[in-house]
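These notes are about the structure you will find just below.
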Amino acid sequence: MKNIFRTIFSLVCALNLANSAAQTAFDYGADVNEQRLINASEEPEVWLSYGRTYDEQRYSPLEQINKDTIDKVGLAWFADMTTSRGQEATPIVVDGALYISTSWSNVWAFDVRTGERLWEFDPEVDRAMGRKACCDVVNRGVAVWQGKVFVGALDGRLIALDSQTGEKLWETQTFDPEMNYTITGAPRVIKGNVIIGNGGAEYGVRGYVTAYDAETGELNWRFFTVPGNPADGYEQNILFDAASTWTGQWWNLGGGGTVWDAMAYDPELDLLYIGVGNGSPWNQSLRSPGGGDNLFLTSIVALDPDDGTYRWHYQTVPGETWDYTATQHIMLADLEIGGEDRRVVMQAPKNGFFYVLDAATGQLISAENYVPVNWATHIDLESGRPVENPDARYDITGTPFIVSPSALGGHNWYPMSFSQNTNLVYIPITENYMGYVRDSEFTVNATGWNTGINLARGFGMVRTAQGLPEQGTFLQAWDPVAQEEVWRVKHEIENGPAGVLSTAAGLVFQGNRSGEFVAYDDLTGERIWSTLTQAGTMAAPSTFEVDGHQHVALLVGSPALPTEGPGAAAATTLASTNNSRILVYRIGGEAQLPRVPVNTESDVEFEIPQIDVPYEVIASGETAYNNACAVCHGSNGISLRPDTYPDLRRSSRMISEDEWNSVVLEGELLDNGMISFANLLENGEAEAIRSYIISLANAED
Ligand code: CA
C-alpha cells in the first residue's frame with residue numbers, strides 16, 4: 001500500500017514538474033525514494049547520496065564541463081559558513097536544493113540556481129563534546145529521503161529535518177551520552193532505514209551500527225562489531241564466534257571497532273557493507289593479552305540491510321595494533337578480472353594495501369600495497385592474511401618501531417573516485433610513518449585518550465631518527481585490476497589530502513591544502529584547470545545539472561589557512577578563521593570571492609615568564625599534558641593545527657596562574673570547544689602543565 005502511495009505521489013510530482021516551466025520555483029521536496037536511489041546512476045542531474053550512487057563510485061556521467069569548456073568555468077555563487085573548524089561534507093543536491101553539513105553538525109540548505117540560503121539548522125551541540133572528538137568536530141554530510149534531510153550530530157542525535165523548511169521532524173539519541181562516542185559520518189538511507197554508526201575508538205568505546213525507520217526514528221536493528229562482556233550474553237549469534245578470537249577482559253576497555261565512515265550497498269546482492277575501525281586501546285597486548293584476531297576489528301562486514309544479520313566479513317589486519325581502521329571508503333564496481341566479469345568491493349584502508357574482494361562472498365581476489373608498507377611484506381592470497389614483519393609488533397617485542405603507514409593511514413576518510421571512463425581509482429594518498437612505543441604506564445582511563453601507546457615518545461623517535469624517507473601527499477591513479485599505480489601528482493603540503501570526483505569528460509577534480517581547486521586529466525594526471533579558493537580543502541566535490549547547467553560544488557575549510565603553495569597569497573580575506581565556504585562553479589560563472597586584506601595582527605606580544613620549579617613538577621606537567629592536552633594541542637606542545645588548536649607555547653594565557661586556570665579549570669573558552677578540565681586534572685596538575693608549557697616556550701625562544 002505504502003509503495004502504491006509513493007508511486008502516485010511521484011506521478012503527481014512528475015506532472016507538476018512537467019507543467020511548470022524552468023522559472024517556477026522549486027519546492028525543495030527531496031522526493032527521494034528507494035527506486036530513485038537504486039537508479040541514481042541514471043540521474044546525473046542530482047547527487048542523491050554521499051557517494052552519489054549506492055556503489056559509492058563518486059563518478060558522474062556529466063560532460064558539459066570538459067577539456068574544451070573548462071576554461072570558461074567560473075564561480076556561480078558562494079556562501080560563508082558560520083563555523084570555522086574543519087569542513088568535510090559532500091554537497092547533496094536534489095530537487096533544486098543543495099544540502100551540506102558543517103562542523104558542529106549544522107545543516108544548511110541553498111537554492112542551487114541562485115545560491116539563496118533556504119534555511120539553516122543548528123542542533124546546538126554542547127561544545128564540551130569537542131573533547132571526545134579525536135579528529136575535530138567535523139561532519140561528512142547528510143542523507144535525503146522523502147522530504148527529509150538526516151544528519152548525525154556530534155553528540156549522537158540522529159535528526160530528521162523537513163527538506164523545505166529545516167524544521168526538526170524527529171530526533172533520537174543513538175549512543176549513551178556518558179560514553180565517549182561521537183558521530184562525524186554521513187548517514188545512508190537503505191530500504192527506508194537510516195543507517196548510522198559512530199566514532200570513539202581512541203576513547204574506550206564498543207562499535208556498532210544502527211538502522212532507524214526513516215519516517216519515525218524508531219530503532220529497527222543494531223549490529224555490534226565486537227563482542228561485549230560474555231556474562232551479559234551476546235546481542236547476535238555471530239558474536240559467539242567473534243568472542244573466540246578475543247582474550248582477557250577486553251570489554252572493560254571497550255574493544256573499539258567503531259563504524260565511523262564507510263558504507264556501501266548493492267541492491268542486487270541486497271548486501272550492506274560497513275567498514276570497521278581500530279581496536280580500543282590500539283595496543284593489542286593490553287586489549288587482548290593472549291592475542292587473537294579480535295573480530296570484527298579492521299574488517300569489511302557485509303550485512304543483511306533488512307535486519308542487520310551478518311553475511312560475511314574480510315579482516316584486513318588480524319590482531320590490529322596500529323590504529324589501522326578499515327573504515328575508509330568502500331566502493332563497488334564491475335571489473336573484468338582474468339577474463340571474467342566480477343562484481344567487486346574495493347577499499348584502500350589505512351594499512352597501505354588496496355583490496356579487491358568478491359562482493360557476493362568476501363573472497364579476497366587481490367591485494368597490493370599502494371604506498372610504502374613495512375608492517376607486512378604482502379597479503380597471502382591463499383589465506384587472505386597479511387604476512388607480518390614481527391618487528392612491527394611493538395606491543396609484543398617491547399621495542400619501539402617506526403611503522404609505515406602511520407595511524408593517519410596511507411589513505412584516510414578522504415573519498416576516492418572510480419572512473420567508468422578509465423576503470424581507474426583516484427586515491428588521495430599520504431606516504432608517512434610514525435613511531436609506536438608501548439605505554440608502560442597505561443591505566444584504563446575511560447574519560448580520556450586511551451590508546452596504550454606513548455605518542456610523545458613516538459614523535460620524538462621519528463624526530464631523531466636518521467635516514468627516514470620523505471613523507472608526502474599525492475593524488476594517485478590506481479589500476480585495481482593490475483593492482484598498480486598509473487600516475488601520481490604530488491601536493492605541496494604534507495599530510496593534507498582532500499576528496500576526489502571523476503567525470504565522463506575525462507576530468508578528476510580535487511581541492512588541496514594550498515588553496516586551489518584543480519581538475520586533472522584522468523589518463524595522465526596533467527593539470528588542466530585550477531582556481532584559487534582562499535581556503536584549504538579536505539572535502540570532496542559533487543557535480544550536478546540544474547536548468548541545463550552542469551555545476552561543481554565544493555565545501556572548503558581545513559584546519560588551517562594555506563600558508564604555502566600557489567593559493568596562499570590569495571587567502572587574503574577572512575570569512576572565518578579558515579574561510580569555510582561553499583563554492584559552486586559553472587560555465588560562465590562570474591562571482592568573485594571578496595578581497596579584503598587579512599588581519600595580520602598576530603598574537604599579543606608578551607614576555608615569556610621565567611619560572612623556578614623543580615624538574616619533577618615540569619615532568620609531571622608533561623605527563624598530564626600528554627594525557628589531557630596533546631591530542632588537540634599537539635605532542636611536545638607543537639600544535640599541528642594552530643588555527644584550530646592554539647599553540648600553547650605562544651599563548652599569553654601562560655603569563656599568570658589566574659589567566660591559565662580561567663581557561664583550563666573554569667571553562668572560559670567553552671564556546672570554542674575548550675571545556676573545563678577541572679574534573680580530569682588532579683590537584684596542582686593544571687599549574688604543572690603551565691610550568692611545562694613555559695619551559696617549552698623558553699626552550700623554543
Ligand atoms: Ca582510530
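Glycine residues also receive a Cβ, built from the backbone N, Cα and C atoms like all the rest.
Residues or ranges marked as signal peptide in TrEMBL: 1-25. For Glu88, Arg140, Thr184, Gly200, Ala201, Thr258, Lys350, Asn412, Trp413, the entry in TrEMBL reads pyrroloquinoline quinone binding site. According to TrEMBL, the disulfide bond annotation covers Cys134-Cys135. According to TrEMBL, the feature Ca(2+) binding site maps to Glu202, Asn278, Asp323. Summarising the annotation, TrEMBL assigns active site, proton acceptor to Asp323. Under the heading domain 'Cytochrome c', TrEMBL lists 616-697. Positions annotated as heme c binding site by TrEMBL: Cys629, Cys632, His633, Met674.
All features noted in TrEMBL, drawn onto the structure.
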{"residue": "Cys134", "record": "disulfide bond", "Cβ contacts under 8 Å, 6 or more apart": "Gly199, Gly200, Glu202, Tyr203, Val631"}
{"residue": "Cys135", "record": "disulfide bond", "Cβ contacts under 8 Å, 6 or more apart": "Thr184"}
{"residue": "Ala201", "record": "pyrroloquinoline quinone binding site", "Cβ contacts under 8 Å, 6 or more apart": "Gly207, Gly254, Gly256, Gly257, Thr258, Trp260, Gly277, Asn278, Gly279, Ser280, Thr325"}
{"residue": "Lys350", "record": "pyrroloquinoline quinone binding site", "Cβ contacts under 8 Å, 6 or more apart": "Asp323, Tyr324, Thr325, Ala326, Gln328, Pro405, Ala407, Leu408, Gly409, Gly410, His411, Asn412"}
{"residue": "Trp413", "record": "pyrroloquinoline quinone binding site", "Cβ contacts under 8 Å, 6 or more apart": "Glu88, Arg140, Asp261, Thr327, Gln328, His329"}
{"residue": "Cys629", "record": "heme c binding site", "Cβ contacts under 8 Å, 6 or more apart": "Leu648, Ile689"}
{"residue": "His633", "record": "heme c binding site", "Cβ contacts under 8 Å, 6 or more apart": "Ser639, Tyr645, Pro646, Asp647, Leu648"}
{"residue": "Met674", "record": "heme c binding site", "Cβ contacts under 8 Å, 6 or more apart": "Gly130, Val663, Gly667"}
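For ligand 1, the neighbouring binding-site residues among Glu88, Thr184, Ala201, Asn278, Asp323, Trp413 are Ala201, Asn278, Asp323, by Cβ distance under 6 Å. Across the domain 'Cytochrome c' (616-697), the prediction's mean pLDDT works out to 85.
Candidate binding-site residues: Glu88, Glu202, Asp323. Fewest other C-beta atoms within 10 angstroms, Glu202. Same-chain residues with CB within 8 A of the center of the Cys629, Cys632, His633, Met674 CB atoms, the heme c site residues themselves not counted, are Ala628, Ala630, Val631, Tyr645, Pro646, Leu648.
Counting neighbouring Cβ atoms within 10 Å of each of the binding-site residues (Thr184, Asn278, Cys632), the lowest count belongs to Cys632.
Sorting the domain 'Cytochrome c' (616-697) by DSSP state (H, G, I as helix; E, B as strand; all else coil) yields 50 helix, 0 strand, 32 coil.
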